[in-house]
Amino acid sequence: MDVSLGMPTVRGAADGDSPDAAARLRARSAAATRAHLDDRAGDAPTAPGLHDRFGRRGTDLRISLTDKCNLRCTYCMPAEGMDWMPQSSLLTADEVVRLVDIAVTVHGVRDLRLTGGEPLIRPDLEDIVAGVRAHHPDLPIALTTNGIGLTRRAQTLADAGLTRINVSLDTIDPDTYRTLARRDRLSDVLDGIDAALAAGLHPVKLNAVLMRGVNDDQAPDLLAFALARGVRLRFIEQMPLDGDHGWTREGMVTAAEVRARLAQHWDLAPDQAPRDGAPAELWRITSRTTPPRDLGTVGVIASVTEPFCSACTRTRITAEGRVRSCLFSHEEFDLAAALRSGESDESVARLWQQAMWLKPAAHGMDAPGLDSEDYVQPERSMSAIGG
Ligand code: SAM
Ligand code: SF4
C-alpha cells in the first residue's frame, strides 16, 4: 500500500515482496522519515517526553493492532471495499512490546490502550498484553473491543495482565444492532460483557455512538442496561471518520441532545471529580425515587460540539507502526521501518518525539471545528486509524 499522508511517498513493503526487496523498501522509508522529520522538526526539544508546539504532552498511548474487523458499523467502515493493510506490514507482538517499552521508559507514557480495527482478531493479543506486562507491572493496559469472542478470551486476557476493557455497544435491540453493525452478533457482545465482568476486568466500560433515526431514541435503554449490569456507559459523538464519508453536522446526535434524553428519566449533575484530560465529561445520575438514589455516572464525549483538543494527551500508533499525533491528522510517520532497519531505541524514540512535535493544534488543523469548512476528512477511516 502506498501511503503519502503528507510524507514523501515511499512504497511500503507488500505481502509478495522478497525479503531483500522488503528490507530495501524499509530502509528507504526509514531514511525518508528521518530526513523529513529532521527538516520539519529538527528543533523539537530532546529532553524526554512527547511534547508538542502547543504545550501538550503525549502520555496516553493508543496502539492499533489491526485494521480488520468482523463488524461493519455504519459510522466507521463501509459495507465493503476496504483496502486492507498487507499482513506483513502489521506490527508483530514483539514490535508492539518494544514500542510500548520505548514510550514508557524514554517518554514517560503512563497509559496504554490496545485497539483497532478489532483487536480480538489478533490471536496473539494475550502475548502482547503479557509481553507488555512483564516489562511494566504497574502500567494500566486497556482494550477497546466490539466484544465478539470475548466470552472465550476475557479470562485469558485478564490472566495475561489486562487491566480494563471498553466494549462498544450502541443498542441492546437485536434489529437495531443488525442495522448499525451490519452483522447479527448482539448476543455474542452481551455474553462478552458478562465474561469481562466475571474475569474481574473492572471497570468494564461501554462505548455508544448514537445515530439519528437509528438508535438516538435508545439512550435511556442503554443507560438502564449499564446501570443494571454495573458497567459504565459513555456516549461518543459521531465524528467525521466514517468510511462512507456520510457524516453531516445535522445528522450527528450532539452531547446536549444525549443529556436531554437522559434527563427525561434521571436527574443529571456534573461530576465534581477532576477531569484530568479525560475525553469524557462525567455526569452523576440520581434516581427520581423517594428517597433519591445516587446511581453512579454516565460519560459523554463531545469531540465535535465541545472539543477538548487543548488538553489532549494522546499519541497514536497505527497497526503498521506509524505515529499519528492526532486522530484527524493527514500525516503519519513510519516508526516500524526504523524498528525493522535495526535502529536503536534512542533513534526510534527521537523520531517519535519529532513526529509528536508536529501535532496539529486541533482536529488535524490550526483550530478546532469538525463542522467548519476548513475540515478535511482524513484519508483513513476510524477502523484503519485505531479508535
Ligand atoms: N472494534 C473496536 C470497537 O468497536 O470497540 C475497536 C475499534 S473502534 C474504531 C473504537 C471506538 O471508536 C468504538 O467505540 C467505536 O464506537 C468508535 N468509533 C468508530 N467510528 C466512530 C466515529 N465515526 N465517531 C465516533 N466514534 C467512532
Ligand atoms: Fe469494527 Fe469497531 Fe469500527 Fe465497529 S467501530 S466497524 S467494531 S472497528
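Even glycines carry a Cβ here, placed using N, Cα and C.
Where the annotation comes from TrEMBL, it is an automatic prediction and has not been curated.
For the GTP site, TrEMBL gives R62, R113, T144, R314, T315, R316; the one candidate out of K68, K205 that the record lists there too is K205. Range annotated as region 'Disordered' by TrEMBL, chosen from 34-53, 274-293: 34-53.
Ligand 2 lies under 6 Å from the Cβ of C73, C76, G117, out of the binding-site residues R62, C73, C76, G117, R314, T315. For the pair G117 (S-adenosyl-L-methionine binding site) and C76 ([4Fe-4S] cluster 1 binding site), the C-alpha distance works out to 10 angstrom. Residues from the binding-site residues list (R62, R113, S168, K205, C312, R314) with a C-beta closer than 6 Å to any atom of ligand 1: S168. Residues within less than 8 Å, Cβ to Cβ, of C69 ([4Fe-4S] cluster 1 binding site) and separated from it by at least 6 positions along the same chain comprise C76, M77, G116, G117, E118, I121, N146, S383.
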